[in-house]
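**Student:** There's a structure below that I have some questions on.
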């Protein structure tokens, strides 16, 4: 393009064109983009470089397309006259139900293993309280306390002596093994009573003494009730004996599903023992879980009420109860999730015999936010305690796993009532003679939160709870007992060879009271979406700024500014390098300046006219070799006038 044409095009480009006065559509659009409040259109024109202009065109067209799409949806929705009807039949998943007999093992089967322990227990009762148990069952043909024990120290009472303390005589106790003589008690005396509930204190208390192996540092545990002391002492030895029995043998000694579950109905349909899964509990024997996600299916119910839940009749068999291990008759039931471990001993509900127990459920689901909103955990993976249970994480599982791990570390064996950690064995006298003392000391530290388990374990973020409402009714009634008990006996077939009474049976009904499910969900008060929305509202209110404006700010203040600073620094670096290369390498003079110049040699006297004449003459001015330019060639008035003559403005109408 000729120089004149270039100047002409530049002048046209910079002419102030106003809206409708633009000569072409292109110039009109350009004027609109330069003067509109729509930021995207303006950036299309003023952005330098083809790539940036293409990006702004893409952003603007995308935004315009979204606007048309959303507006079209709003218009169509406004003029739509159709009606939508939703019919939803709600169903709730039925929880898992675990049922256990309170008595873990049939007494007729386990009696041989516990014969010596029971004999010493009866002898201790006779010596401590001065009475003998009245035999009321022909099946229990055990030996009573006899003088043959005199002079012989029994095994169980020798390991853990039973003592009677008189509150008036501190530090002394009566041991029946010493023929009633009082002896001094060394070590700590710990009274296991509640610090909250005040009970009447009797003058005499019963307890037992635990001593570490080959040590006199003993601990004596006393109880406000002799019943608690005898049962706790019996339970310690019972766990020691059963810990040495293989699991298969213990399963055979407990109740089978056919023996415990007589009849079963769910949601109006018949069920049987095949719908229950065996779960062996160390302290409750064989337990059976209904709806335990067998075959990866979970049963659900679509109606509320007792007719649409689980109905079972349980055979308790009171005749087979261990008299010292349990003092109540009935069963225990626990409602829980399918992947949850049933802590039947802690939160189970007891079922009475000769009663119909109805349990109405109401489901509540809770969902909590994890960190940073709370200290809960999703699945326990962030808790430094290994889950020794084959179940989903819960706070209770974490606490018991922590205690069992500490038990193995401190005592060298595992406590019988909890699962075994890897490469560990249950405690027993033969291999771990010191385990009882260690267990009680460790459990006391656990209750007082000295082991650190309570500070490490976290609550689960999501869990289900069933609020239970229990009601009781006498069952069977006096008029129906005459025919109902014979029918139940006939249903049991050859398994029962005696006449049953109502205390051998219990009826259980578990159902949803209604299908209303309550959900408790936590949500953050300030989310990312809300934060961006608040920012957008403030920017739009005070600066009429949008997302396009934010992109424009990023482009100008970050990309362009950084580019300019980088360019300037690069230019300065190039100039510095050029000056360094062009500068002559001047050498420093060898002596003082002017000392070797003969023209500067002066006398010590004042200067005279003669000495001034001896100075060299000043050099003459140099004449430039290049003549000055002809300034008349720089005058552009004539050329500029000729170029403006070729530019014509449109005629006014």
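Here, residue 1 is simply the first one shown, and the rest follow in order.
Note that Cβ sites are derived from N, Cα and C of the backbone, with glycine treated the same way.
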**Student:** Looking at Swiss-Prot, which of 252, 501 is flagged as N-linked glycosylation site?
**Tutor:** 501
**Student:** Kindly point out the range from 455-475, 476-496, 518-538, 539-559 that Swiss-Prot annotates with transmembrane segment.
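**Tutor:** Feature transmembrane segment in Swiss-Prot: residues 539-559.
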**Student:** Looking at the candidate ranges 35-55, 56-76, 77-97, report the one that Swiss-Prot labels transmembrane segment.
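**Tutor:** Of the candidate stretches, Swiss-Prot labels 56-76 as transmembrane segment.
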**Student:** Could you tell me the C-alpha distance between residue 411 (disulfide bond) and residue 461 (disulfide bond) in angstrom, no decimals?
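**Tutor:** If we compare the Cα positions of residue 411 (disulfide bond) and residue 461 (disulfide bond), the gap is 33 Å.
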**Student:** Fewest other Cβ atoms within 10 Å: which of the disulfide-bonded residues 211, 218, 264, 402, 438 wins that one? Let me know.
**Tutor:** 218
**Student:** Could you check the glycosylation sites 213, 275 and say which one's CB has the most other CB atoms within 10 Å?
**Tutor:** 275
**Student:** Which whole-number mean pLDDT does the model give the topological domain 'Cytoplasmic' (1-55)?
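**Tutor:** Mean model confidence (pLDDT) across the topological domain 'Cytoplasmic' (1-55) is 69.
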**Student:** Could you check which of these recorded positions, 100, 213, 287, 457, sit within 10 Å of residue 402 (disulfide bond), going Cα to Cα?
**Tutor:** 457
**Student:** Roughly how many Å separate the Cα of residue 413 (disulfide bond) from that of residue 275 (N-linked glycosylation site), to the nearest whole number?
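**Tutor:** Here the two Cα atoms are 36 Å apart.
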